[in-house]
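Have a look at the structure below before the remarks.
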Amino acid sequence: MEAVKDVLCMNNGVGENSYVKAEALTIKVMAITKPIVPKAVQSLFTETDHSIPLQVVNVADLGCAVGPQPLEFMSTVIESILKKCGEMGREMPEIQFFLNDLVGNDFNTLFKGLSVVQEKYKKVSWFAMGAPGSFHGRLFPRNSMHLVYSCYSVHWLSEAPKITNEAGLPLNKGKIYMSKTSPPAVTKAYLSQFQEDFSSLLKFRSQELAPNGRVVLIFNGRQTADPTNKDTCYTWDLLAEALSYLVSQGLVDEGKLDSFNVPYYNPSQEEIKYLVDKEGSLTIEFIDTIELEIGGPNGYWSSPESRIRGHRCFTEPLLSHQFGERLMDKLYDKATQILVEDYKHGKEATKNIGIAVVLKKKKL
């Protein structure tokens, strides 16, 4: 498989299965966690030397994707700065937004949507630019960023963990992620890859962060010590079952399924705290768990069809690259059939678990 940074993206365009149309879960999570951003902005202004007022505030949205999410974030930042400057009787600084994602992101659609923000804040001096690249590496100059934000992106790994035995044969057969039936080596490999990636992310953001700046990260996580619990693994188990069916029909090569693992990890709060402490350059100012009901008749996705569209918009690019674009409709149709049966018997995962953390640079 090619490097993740060259393959991973959300579904582009504005069609039924596009990220713009099908992904609304992140917007819901953003609404729940919205108060975090104004607090981070407030800290930036109250802790900065008043004798040297900020003239430009640099803000980054890492893994911004496309659609209403980055636009909502930009609006929240502008409103927060307007309010704080009004309270302090200070002149409004200029705001520079850096919209970051991998090169496959639909930046054209993203920038077309900026007209909404332009119309709303005509009297505010703000600017936006694309910053393509992986947040697992350096993106910005040292000490330059005042607010770095990411919502539902940093659970993506820089690469899929290497899960083979000494002979080079795949260990996670019939699966595309950790599961209850996966050997312990699979779980260990995923944790190791996440530890490496998250530690790098912390190191690079610390280098880029201005004094008194903040890093706000919101990402898929888990509440239990077991990384193979149902709420964590259900989506990937569902897709693996659908792929196994295609294998049984002779439509997918079994070796392609056995050798494929998604570059993704749901950490726990304990794992995050441990890695922040171990890396040592940042400190946790705030951390909390978000629980969103998504399954069943009263959940966020009340129908199997809407839930599969929500999954398809962020899983299809990876799966299409591995198994072929021509099979995607068959794959997600089969996944829908499986999910319909799971809904009937109450077997589907019912919760989406997120973790929100605010970080600041340690003072030397």
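Glycine is no exception: its Cβ is also placed from the backbone N, Cα and C atoms.
LEU102 (S-adenosyl-L-homocysteine binding site) carries neither a helix nor a strand DSSP state and counts as coil. Residues or ranges marked as S-adenosyl-L-homocysteine binding site in Swiss-Prot (evidence: similarity to another entry): TYR19, CYS64, GLN69, ASP101, LEU102, SER134, PHE135.
Residues or ranges marked as theobromine binding site in Swiss-Prot: THR26, TYR152, HIS155, TRP156, PHE314. A sphere of 10 angstroms centred on the C-beta of TYR152 (theobromine binding site) encloses 21 other C-beta atoms. The secondary structure of TYR152 (theobromine binding site), as reduced to three states from DSSP, is coil rather than helix or strand.
If you look up Swiss-Prot, you'll see ASN172, ASP258, PHE260, ASN261 marked as Mg(2+) binding site, on the strength of similarity to another entry. In the structure as shown, the Cβ atom of ASN261 (Mg(2+) binding site) sits within 10 Å of 26 other Cβ atoms.
With a 10 A radius on its CB, TYR149 (site 'Involved in substrate discrimination') counts 26 other CB atoms from all the protein chains. The site 'Involved in substrate discrimination' feature in Swiss-Prot is assigned to TYR149 (among others).
DSSP assigns ASN220 (site 'Involved in substrate discrimination') to a strand segment in the three-state reduction. Note on ASN220 (site 'Involved in substrate discrimination'): other Cβ atoms within 10 Å of its Cβ, all shown chains, come to 22. If you look up Swiss-Prot, you'll see ASN220 (among others) marked as site 'Involved in substrate discrimination', on the strength of similarity to another entry.
Marked as site 'Involved in substrate discrimination' by Swiss-Prot on the basis of similarity to another entry: TYR264 (among others). In this structure, TYR264 (site 'Involved in substrate discrimination') is part of a beta strand by DSSP.
The annotation site 'Involved in substrate discrimination' is assigned in Swiss-Prot to GLU325 (among others). Under a cutoff of 8 A between CB atoms, and with a sequence separation of 6+ in the same chain, GLU325 (site 'Involved in substrate discrimination') has no neighbours.
Restricting the binding-site residues GLN69, SER134, PHE135, TYR152, PHE314 to those with a CA within 10 Å of the CA of ASN261 (Mg(2+) binding site) leaves an empty set. Annotation: CYS64 carries the greatest number of neighbouring Cβ atoms among the binding-site residues CYS64, LEU102 [cut-off 10 Å, Cβ to Cβ]. Closest in space to HIS155 (theobromine binding site), of the recorded positions given as CYS64, SER134, TYR149, ASP258, TYR264, is TYR264, taking the CA atom of each residue. Counting only same-chain residues at least 6 apart in sequence, those with a Cβ under 8 Å from the Cβ of ASP258 (Mg(2+) binding site) are PRO170, ASN172, LYS173, GLY174.
Within 8 Å of the centroid of the Cβ atoms of ASN172, ASP258, PHE260, ASN261, where the record puts Mg(2+), the same chain has further Cβ atoms from ILE163, PRO170, LYS173, LYS175, ILE176, LEU257, SER259.
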